[in-house]
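Read through the structure below, which is laid out as structure tokens, and then see the notes.
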There are 2 protein chains.
Amino acid sequence: MSSQVRVAILGATGAVGAELLELLESRNFPLTHLKLLASPRSAGRTLQFRGESLPVEAVGEDSFKEVDLVLASAGGSTSKAWASKAVEQGAVVVDNSSAFRMNPDVPLVIPEVNPEAAAKHKGIIANPNCTTILMAVAVWPLHQVQPIQRIVVATYQSASGAGRRAMEELKAQAQAILQEQTPPTESFPYPLAFNLFPHNSPLNDQGYCEEEMKMVNETRKIFNDPQIRISATCVRVPVLRAHSEAINLEFAQPMSVATAKELLANAPGVRLVEDWQANYFPMPIDATGKDDVLVGRIRQDLSHPSGLEIWLSGDQIRKGAALNAVQIAELLVERNWLKPATAMMAY
Amino acid sequence: MSSQVRVAILGATGAVGAELLELLESRNFPLTHLKLLASPRSAGRTLQFRGESLPVEAVGEDSFKEVDLVLASAGGSTSKAWASKAVEQGAVVVDNSSAFRMNPDVPLVIPEVNPEAAAKHKGIIANPNCTTILMAVAVWPLHQVQPIQRIVVATYQSASGAGRRAMEELKAQAQAILQEQTPPTESFPYPLAFNLFPHNSPLNDQGYCEEEMKMVNETRKIFNDPQIRISATCVRVPVLRAHSEAINLEFAQPMSVATAKELLANAPGVRLVEDWQANYFPMPIDATGKDDVLVGRIRQDLSHPSGLEIWLSGDQIRKGAALNAVQIAELLVERNWLKPATAMMAY
């Protein structure tokens, strides 16, 4: 099985698509065929993979025949339009969009946290939101040992979360402002360069934006813990790539800083980054391009007897999206879970 | 009295000094004489005030003779060196540094919060830290009505907090990175442009940096509430000017969002900025140059029955420093508190 995986990337020309391509090559993913799919607008381009130029094809009705695994990163509406067709044609879809994440028939998987959930898939496995993945990877090793009752998190999210064009726009905005010109704002509603603003996803009646509710609901689903209380404030900052998060944790019982550090130093997907002498902790430029989530500044919370403060930076495109998807794909291959375990669902 | 105030600015050539000068002019402060003082390095320059060119003098032993009020914004060591000399020579010092803030003989004053504390001065009144001022102005109107038991705050602090040269360095860094060159790092330990990092002030044994402990200890002193529990995570972000803060509040009893909004809409020094349809909330570019602290995104905390989340942006140089100092000076003049109320202290 593992020597015969035929893979398609849906959304190959985006920021996450480029990273998927790079990861499949650098991690030597056991694929026999790779198909690059995108919208008709991007079709006709070629992308490099293992020394070959592969054409980008427009996604269509027959795109998923003779495909075992689809890595989808083309946004929610594209996933909604094509995922069930891919499943009907026999493929398993690892979907990076938010389209299916909260569907009870779709496992929401971080391989370091809940790999077993992937076994129960019915054709689609969802990749969590980037901010959720980064937080969950850092918090899960602690939660397993000493249950966390409440999380209050504030994020510092880079332009990459809004895609490749947003990263270019941030640079163009900075250039314009340095030249005392009006910055372009196409990807974002307000200038991001030398500025910041609350995350511009739609707001619910309680005033939480979609990005914040993803952190609340997805974390509960991934941890299989509907009781854990979470509040998030998501903020876009003028960083090109890699998100950071200030996370306040309340445990049922106190956890010492020493215990937390030991757990994090040995946790999969985490690198403990703390140099207290040099005042050096995780920051986006160091997290960029890295597989691990950088975690540091583990402090006893001065305001709560069972509280800890932690700080992290993680590559939003890599572990926050493409790497996690490829890790799910590797899990499916290794454990022979690539074929639907139960009857195929209609999504 | 109020028609005879002779004022000196110590640190006239810095970012806060420039703003002090502007505010004394634009607010028509009742001064009869203005002396500009700085380090010998900056002496000899001239600055404009009310259409006149005023010379910048090197601060010296006799600088404070015939001065009633000193606005000091030249850093802690300069304040420690000169404040007591100014007091000995009969002046009252409003000090913007951290040198005297936690001294029990020195009132720590935000005019919107604890104006009466200024009456008890013994020659020196301290201006709180910028992050503390912005948070306290927004939180005090709520705390007065329904006591807050715990605050968890994450900051987004601009380059201006590190001074005028830091602002220029941020721009130079951005330009260098856009040209794929190595960014200069003199004011900051790490590149700030397109990056961010935990606040680089010295860390204590508990892992909190000085900036964070200022928010904890100064807020307690200003609120005259040693019991309020506070934890802060302070982060430098690549914004030129104006700090932002994500503040989680736990009240003794629930406060409704409607009540909080009404209180904040009517609070002095606060402007409620919320357009939920447009997803428009406080952001640094809108707070820059404004007197008010912009507060918005008032939400019921999903993770705590008595919790509220609030978000703010405020001009770090203005209300976070120079404006608050000038407001203290105005308070001293208006209430005739300019002369020490009790025996002069030796600091």
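Cβ atoms are placed via backbone N, Cα and C, with glycine included.
In sequence order, B:Gly161, B:His243, B:Gln316, B:Gly320, B:Ala321 are the residues of the chain that are 6 or more apart from B:Cys130 (active site, acyl-thioester intermediate) and have a CB within less than 8 Å of its CB. Under the heading active site, acyl-thioester intermediate, TrEMBL lists B:Cys130.
TrEMBL lists B:His243 with the feature active site, proton acceptor.
Proximity of B:Ser160 (NADP(+) binding site) to non-local residues of its own chain (separation of 6 or more, Cβ distance below 8 Å) is seen for B:Ala15, B:Ala166, B:Met167, B:Leu240, B:Arg241, B:Ala242, B:Gln316, B:Ile317, given in sequence order. According to TrEMBL, the NADP(+) binding site annotation covers B:Thr13, B:Gly14, B:Ala15, B:Val16, B:Arg41, B:Ser42, B:Ser160, B:Gly161, B:Gln316.
Around B:Arg101 (phosphate binding site), the C-beta neighbours below 8 angstroms that are at least 6 residues distant in the chain are B:Leu108, B:Ala126, B:Pro128, B:Asn129, B:Lys214, B:Glu218, B:Lys221. Positions annotated as phosphate binding site by TrEMBL: B:Arg101.
Per TrEMBL, substrate binding site is recorded for B:Gln157, B:Glu210, B:Arg236. Taking a C-beta cut-off of under 8 angstroms and a sequence separation of 6 or more, B:Gln157 (substrate binding site) has the following same-chain neighbours: B:Thr131, B:His199, B:Glu211, B:Cys234, B:Val235, B:Arg236, B:Val237, B:Val239, B:His243, B:Gln316.
Taken from TrEMBL, the feature domain 'Semialdehyde dehydrogenase NAD-binding' covers B:6-121.
B:Glu210 (substrate binding site) sits 25 Å from B:Thr13 (NADP(+) binding site), taking the Cα positions as reference. Over the domain 'Semialdehyde dehydrogenase NAD-binding' (B:6-121), the average per-residue pLDDT in this prediction is 96.
Counting residue by residue with DSSP, the domain 'Semialdehyde dehydrogenase NAD-binding' (B:6-121) contains 31 helix, 33 strand, 52 coil. A strand conformation is recorded for B:His243 (active site, proton acceptor) in the three-state DSSP classification. Excluding B:Gln157, B:Glu210, B:Arg236 themselves, the residues of that chain whose CB lies within 8 A of the CB mean position for the substrate site are, in sequence, B:Thr131, B:Thr155, B:Gly161, B:Ala162, B:Pro198, B:His199, B:Asn200, B:Ser201, B:Cys209, B:Glu211, B:Cys234, B:Val235. Counting only residues at least six positions away in the same chain, the Cβ atoms of B:Ala38, B:Ser42, B:Arg45, B:Leu47, B:Val56 sit under 8 Å from the Cβ of B:Thr13 (NADP(+) binding site). The DSSP secondary structure for B:Cys130 (active site, acyl-thioester intermediate) is helix. Of all the recorded positions listed here (B:Arg41, B:Arg236, B:His243), it is B:Arg41 whose C-beta has the fewest other C-beta atoms within 10 angstroms.
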